[in-house]
Amino acid sequence: MTAFIQYTLQGLSTGGFYALSALGLAVIFGVLGVVNFSHGACYMLGAVAATVLLDTLGLGFWAALPLVTLLMFVFGVLMERLLVRWLLKLDPLYNFLLTFGITLVLVDLVKRRYGVSSLPYQVPAGLEGRIDLGSLSLSRYQLFVSVFSVLVCLAVWMLLTKTRIGMIVRASTEDAERSRALGINVGRWVTPVFGFGIALAGLAGVLAAPFRAVNADMGSNFIIVLFAVVVIGGLGSILGAVVAGFLVGLVEAFGQAYADRFSQVLIFVLMALVVLIRPAGLFGKEEAA
Amino acid sequence: MSQQLTQKVDVELPAQSVIPRARPALRWLMLAVGLVVVLALPWFVYPPVAMDIAAWALFAISVDLLLGYTGLLSFGHAAFWGASAYSTGLIAIKLGMPFPVAVVGGAVVAMLLAIPTGYLAVRRTGIYFAMVTLAFAQMLYFLANMWGDVTGGENGLQGIPKAFFGVELVETDAFYFYYAAIPIILIGVFIAWRIVNSPFGRVLVAIRDNPARARALGYDVERYKIMVFVLSAGLAGLAGGVFSISHGFASLQELVWTTSGKVVLVTVLGGIGTLWGGPIGAAVVVLLEDRLASSGFNGIGIITGTIFIVIVLAFRHGIWGTARNGLTSWLNRRRIKTGQRL
């Protein structure tokens, strides 16, 4: 029983992190209809930026968290303005391919500049060590990451459902034509939303820096797991991304405990089951044939 | 959503089937030139590199069968290329089969694997199809990594022989091996050509252009998609098998998603919806990577990624498509000038 609770805790804490990482992907798809392949690369850039800020300017974790997020927002805005924008009217496959090209460039640029070995990054002061609750044990930093992730997910959800901006963005997603007829400048929100999604990827990267190996390839396998998360949750569904994030975290934790090396495969088995039973994902809308 | 893509293709490409038929002579000439280039390639290019170009060309054609002719973007084709690379290698090593037999065996394994994958993947279209195929390829990658006793894990499968009925020249010299293996690639291309120019291929194009109408006409759209998916996997398998025999080893590199991405890059670069596009894209990418690698440049992705970004942004018909469009509009203008009937 203790082991069961232990794995559940472990799974929930990884799950929170997955939810946050997939959130940006879901937001960008929901509003722009773009599957951002470079999400993993942007996550990697966030983590690398955190280590570089520490090395060059001596800025620690707490300074890097807002600063990198802001930088990645600017990066996302530039990416949308310069590249993604031109393909928005075409089949979404083109932007998928475009962002794949961007991924190749970003990963190899970082590889050339910083090499392939992992860059070290310390767990911020005050969050080291583990918390012991009776026979249960959880890394203090892991706990922080999951609580922080849940708070960010909640904040994004509130922003989208309870504020005027959120309402406009949701209306534009739901029915761009009618929103325009009601006097909403739909195009105005496209760039900031894309930047916001990329900023979330960067934020996840900074959070990952202390507990994952920071190198140019850190986003390569991660993006595929995130794709599995959003396919399970239903593409474009924010709630779906969050729920599926936790689900995948749990599957991974229990997989590591009981199926060892099969844990990575289990995620895709879960995805296959979801596609088989509910092709549109847990919270997705059925697409028109 | 995929309708947008195809509508665009329809508007911008001068009707694909009309032009070649209007000039059968040109068509035969192109075919003859293509064959000469294929046969002369190892004289001008280092033979193992020439073999790589041929294998990647067939791999790209297999992807184009889905992307260009059926409107499905498979982002997990490395699964079939890689599965066949490993299976071909295992058949050649454990059973000591001559390599053509091993390659065919590998292709069969790839097709068997494609049946369940295709069955699941065709439930979704467009971008979802891409993501589901990608995830399955990644799953296979993890499985191959775990199943180290058979696949060699991180080290890959090494020492794959080029057994060829005891003909020593072929077995030891890459130059002669090219001529022994190229028929397999050409047969693959011929199969693709037969598929595209058959009633079955016409139905595929109809499904690409208007799935709802194809369904209304009584075609079982999902069944056709699974069939072309399996056929495409078989061609990718032939290519992957030849590749692993040529290199003498199969590694996890063959299964990783960057390989799936690279073949899509090759296909789009050459031009989708044309069987000539794949070979041209393969020649450009393989030669470029070979040059960059031999010059010691260690950021190949920066170059290929940038090329890809430019192609997707500005030349979506690829090299072959862009060249063909330019040529036909030039020919048309000239014929109008000289007063010929169009």
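Glycine residues also receive a Cβ, built from the backbone N, Cα and C atoms like all the rest.
Features of the protein shown, as given by TrEMBL:
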{"type": "TRANSMEM", "residues": "A:16-35", "note": "transmembrane segment"}
{"type": "TRANSMEM", "residues": "A:93-110", "note": "transmembrane segment"}
{"type": "TRANSMEM", "residues": "A:141-160", "note": "transmembrane segment"}
{"type": "TRANSMEM", "residues": "A:189-211", "note": "transmembrane segment"}
{"type": "TRANSMEM", "residues": "A:223-250", "note": "transmembrane segment"}
{"type": "TRANSMEM", "residues": "A:262-283", "note": "transmembrane segment"}
Listed stretch, out of A:93-110, A:141-160, A:189-211, A:262-283, that has the most CB pairs under 8 angstroms to the transmembrane segment (A:16-35):
A:189-211
Hey, which of A:93-110, A:141-160, A:262-283 has the most Cβ-Cβ pairs under 8 Å against the transmembrane segment (A:189-211)?
A:141-160
Near the transmembrane segment (A:262-283), which same-chain residues lie under 8 Å Cβ to Cβ, leaving out any that are not at least 6 residues past its ends?
225, 228, 230-235, 237, 239-240, 243-244, 247-248, 251-252, 255-256
